[in-house]
Amino acid sequence: MNIIEGNLHLNGDEKVAIINGRFNHIITDRLVEGAKDAFLRHGGKEENLDLILVPGAFEIPMALEKVLSSGKWDAVCCVGAVIRGSTPHFDYVSAETTKGIANVTLKYGKPVTFGVLTVDSIEQAIERAGSKAGNKGFEAMTSVVELLNLYKNIKA
């Protein structure tokens, strides 16, 4: 049996975008830093990394649609933070953001990762943005690197 997988090294010519829903920016800024760190550590060049800012997580899917339809980027890492409050707003935003990102990803067939935190408390968000539970932005970008290489290997 042949095993096809992606490695964790970029050639340096890959163009990647980070789309950041900046609401809860104290958290999302840390996710962006983690994503940038992963991109550079795995061989990406800073001039090939773009940060696209949108107001919040709900706006990420439309920005993703615009980014992928432009053909300028090879992959996208989506980050944001939706924190549960006392109203159903959390449920609507997290569900529609997730569905929107998934639908756009399937439409274009390019590597897109979901680094949007959907958490019950600010404490959980802090843990996932570089504290006890690691940095989910770093993890999402590491998955971008792996998927870029996997998709190249599948085409070869």
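Numbering starts at 1 and runs along the chain as it is shown here.
Glycine is treated like the rest: Cβ placed from N, Cα and C.
Features of the protein shown, as given by Swiss-Prot:
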BINDING   F23, A57, F58, E59, A81, V82, I83, F114  5-amino-6-(D-ribitylamino)uracil binding site
BINDING   S86, T87, R128  (2S)-2-hydroxy-3-oxobutyl phosphate binding site
ACT_SITE  H89  active site, proton donor
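Positions of Swiss-Prot features highlighted on the structure.
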residue	record	CB count, 10 Å
F23	5-amino-6-(D-ribitylamino)uracil binding site	18
A57	5-amino-6-(D-ribitylamino)uracil binding site	29
E59	5-amino-6-(D-ribitylamino)uracil binding site	18
A81	5-amino-6-(D-ribitylamino)uracil binding site	29
I83	5-amino-6-(D-ribitylamino)uracil binding site	19
S86	(2S)-2-hydroxy-3-oxobutyl phosphate binding site	6
T87	(2S)-2-hydroxy-3-oxobutyl phosphate binding site	8
H89	active site, proton donor	12
F114	5-amino-6-(D-ribitylamino)uracil binding site	19
R128	(2S)-2-hydroxy-3-oxobutyl phosphate binding site	24
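The distance from the Cα of F114 (5-amino-6-(D-ribitylamino)uracil binding site) to the Cα of R128 ((2S)-2-hydroxy-3-oxobutyl phosphate binding site) comes to 13 Å.
Considering only the recorded positions S86, H89, R128, the residue whose Cα is spatially closest to the Cα of A57 (5-amino-6-(D-ribitylamino)uracil binding site) is H89. For the pair the residue listed as 'active site, proton donor' and A81 (5-amino-6-(D-ribitylamino)uracil binding site), the Cα-Cα distance reads 13 Å.
Of all the Cβ atoms in the protein chains shown, 19 others lie within 10 Å of the Cβ of F58 (5-amino-6-(D-ribitylamino)uracil binding site). A 10 Å cutoff on Cβ-Cβ distances gives V82 (5-amino-6-(D-ribitylamino)uracil binding site) a total of 25 other Cβ atoms nearby, all chains included.
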